[in-house]
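Data block below; observations after.
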Amino acid sequence: MRKNEYVNLPVICLVGPTASGKSGLAVRVCRRLYVDEHPAEIINTDSMVVYRGMDIGTATPTLREQRTVVHHLVSILDVTVPSSLVLMQTLARDAVEDCLSRGVIPVLVGGSALYTKAIIDEMSIPPTDPEVRARWQEKLDAEGPRVLHDELARRDPKAAESILPGNGRRIVRALEVIDLTGSFTATIPDGTLHWPKTVQMGLELSRKDIDQRIADRVDQMWAYGFVDEVRSLANVGLREGLTASRALGYRQVLEYLNGDYDEDEARRRTIIGTRRFARKQLMWYRRDDRIEWFNALAPDLDDRVVARVLTALTTDEED
């Protein structure tokens, strides 16, 4: 893949925990840039927003927002299609190159720290095979993570030492890679940017504010008909979707629909799980000292972010 031929165009990356307001900020910033004659488009990097029909639970940009600013990688996959880190890396990088080739500023939004790094950093990702992963996933569901961890320890002791026995998802991935390549080596980016002129901006909030926003978002999800959305998706294969069925909120509502617990418990577990995920996001993002942090509640947030983009446009800086 060719690198950025438009050396004066930055690649913008907005990061931050769930419910911090990244998506709305991205739309507002792109609109401001357009007025200043600097066209910009949004590239989703969240592995769940790519699924069609998962609108309420993933806070997919509204149709009005998508008409206002061009969005890439939104609602492009059926819920039965597996997603993966390598797929998102490929799709997002292609979208960035498409923007740059047209003289458009790409604005990456969403996703976990791992997905962000896989896209903007030089990172080689081992291959994936849905059938191989499905086989190990079935074994995980039937026998639990410790049995698989024992298998991993037998086949690759070093890999087993690096993965906690209870982390079923990582164990499945490690066994998949071993089946495909013969060994597993955790890939950690060395900090070399794929596009040298990349600017990362993060939104920060207090834990109290994050927790409240998440509770409010989940309440809004339920008010907007989230349970009905999950029920409809279950009718078109959500339960069989290896990736989509694990999305926060969707997994909990599916378990409620299966009779595992009542609706109030599904709602409670969604809030708890989302808060836990947000804290994990922040922990990983804080490890990247290239991220410039902005107060998500600052009244001049939009002005400051736009100013930072304009500064990047007029300088030759490289992170």
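For all residues, glycine too, the Cβ spot is worked out from N, Cα and C.
What Swiss-Prot records for Gly16, Pro17, Thr18, Ala19, Ser20, Gly21, Lys22, Ser23 is ATP binding site. Counting every protein chain shown, 22 other Cβ atoms lie within 10 Å of the Cβ of Ser23 (ATP binding site). Following the DSSP three-state reduction, the secondary structure of Ser23 (ATP binding site) is helix.
Here Swiss-Prot flags Thr18, Ala19, Ser20, Gly21, Lys22, Ser23 as substrate binding site.
For 46-49, the entry in Swiss-Prot reads region 'Interaction with substrate tRNA', with the evidence type sequence analysis. Per-residue confidence over the region 'Interaction with substrate tRNA' (46-49) averages out at a pLDDT of 95.
The secondary structure of Ser112 (site 'Interaction with substrate tRNA'), as reduced to three states from DSSP, is coil rather than helix or strand. Residues near Ser112 (site 'Interaction with substrate tRNA') in space but far in sequence (CB under 8 A, at least 6 apart, same chain), listed by position: Ser47, Gln281, Trp284. Residues or ranges marked as site 'Interaction with substrate tRNA' in Swiss-Prot: Ser112 (among others).
Summarising the annotation, Swiss-Prot assigns site 'Interaction with substrate tRNA' to Arg133 (among others). The Cβ neighbour count for Arg133 (site 'Interaction with substrate tRNA'), using a 10 Å radius over every protein chain in view, is 21.
A Cα-Cα distance of 27 Å separates Arg133 (site 'Interaction with substrate tRNA') from Thr18 (ATP binding site). When Cβ atoms from all protein chains are considered, those within 10 Å of Ala19 (ATP binding site) total 23, not counting its own. The ATP site is set by Gly16, Pro17, Thr18, Ala19, Ser20, Gly21, Lys22, Ser23; from the centre of their CB atoms, other residues of the chain with a CB within 8 Å are Leu203, Arg213, Ala296. On its own chain, Ser20 (ATP binding site) has Leu203, Glu204, Leu205, Ile210, Arg213, Ala296 as residues at least 6 apart in sequence with a Cβ closer than 8 Å to its own Cβ. Counting only same-chain residues at least 6 apart in sequence, those with a Cβ under 8 Å from the Cβ of Gly16 (ATP binding site) are Lys22, Gly202, Leu203, Glu204, Leu205, Gln281, Leu282, Tyr285, Ala296.
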